[in-house]
Amino acid sequence: MFISFEGTEGVGKTTLIRKLYEHFEASGKQVVLTREPGGTPLAEQIRSLLLAVNHDEPMSSDTELLLMYAARAQHLQQVIVPALADEKLVLSDRFTDASYAYQCVGRGLSKDKLNTLNQTFVSHMPDITFWLDAPIELGMSRARERGALDRFEQEKVEFFQRVRQGYQQLHELYPERIKRLDATQAPEIVFQEALEHIQALV
C-alpha cells in the first residue's frame, strides 16, 4: 500500500507519519518511510537546492517544477516502485498532489505542464492521501517555532492561502483518495482518524 501525506507548512505531517510508522512496524508490517522532495541520496541533493534561500539568483517557478520532478522520478524508481513490488507499506511525506497545490495553484503554473510530467514520469499513485488542513497562520506559527525558515517557509501568507485552496480543489476532485484531516485537533485524534481510513482499505 502507498500512502502520501499533504498539507501546508507546520500542519503536523511529520508527527502523524511517525505515529503511523511506529504503529505498523509494531504490528510486524514492513514499512518504508520516505519524503519528497528527497528519499534517495540524489533526490536529497535536489531537495537542498529547492529549499535553499538564494537572494542572488531566485529560482524560477519552471525550474522549481522541473527539479521537483527530477527528484520524484529518482524517488519512484529507486524507492517507491521497488518497495511496492516487495509488498511493503510506503509512507511518503508529500507526492504529486504537492506539485499541483504549490507549483500550479501556488505559483500559477499551467496544469498542462503538470499533467505532461505526471503522464511521463509518474507510474504509481497513492492508494490513499491524507491532507492535513489547518489555518495558514497556525501552521506558519508552528514552522517559525522550529527555527530557521527554508525557501518555501519564507513565502507570504497569500501564497499559502493559494496552496491551501489547491489542496481543497484536489480533495473535491478525488474525495475517494484524498481524505481531509482537521490538523487543529490533538495529534492522537488525527492519528486515530487516519488509522480508521487505512483500516477501511485493508
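Just so you know, glycine gets a Cβ as well, placed from its N, Cα and C.
It should be emphasised that the depicted structure is a prediction, and the values quoted were computed from it without experimental measurement.
Here Swiss-Prot flags GLY7, THR8, GLU9, GLY10, VAL11, GLY12, LYS13, THR14 as ATP binding site, drawing on sequence analysis.
Location within the structure of each feature annotated in Swiss-Prot.
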residue: GLY7; record: ATP binding site; Cβ contacts under 8 Å, 6 or more apart: LYS13, TRP131, LEU132, ASP133, ALA134, GLY139, TYR167, ALA183
residue: THR8; record: ATP binding site; Cβ contacts under 8 Å, 6 or more apart: ALA134, ILE136, GLY139, PHE160, VAL163, ARG164, TYR167
residue: GLU9; record: ATP binding site; Cβ contacts under 8 Å, 6 or more apart: GLY139, MET140, ARG142, ALA143, PHE152, GLU153, PHE160
residue: GLY10; record: ATP binding site; Cβ contacts under 8 Å, 6 or more apart: ALA134, LEU138, GLY139, MET140, SER141, ARG142, ALA143, ARG146
residue: VAL11; record: ATP binding site; Cβ contacts under 8 Å, 6 or more apart: LEU132, ASP133, ALA134, GLY139, ARG142, ALA183
residue: GLY12; record: ATP binding site; Cβ contacts under 8 Å, 6 or more apart: LEU132, ALA134, ARG142, ALA183, PRO187, VAL190
residue: THR14; record: ATP binding site; Cβ contacts under 8 Å, 6 or more apart: ASP93
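Using a 10 Å Cβ-Cβ cutoff, LYS13 (ATP binding site) registers 23 neighbours. Following the DSSP three-state reduction, the secondary structure of THR14 (ATP binding site) is helix. DSSP assigns GLU9 (ATP binding site) to coil in the three-state reduction, outside any helix or strand. Taking the centre of the Cβ atoms of GLY7, THR8, GLU9, GLY10, VAL11, GLY12, LYS13, THR14 as the ATP site, the nearby residues of that chain (Cβ within 8 Å, site residues left out) are LEU132, ALA134, GLY139, ARG142, ALA143, ALA183.
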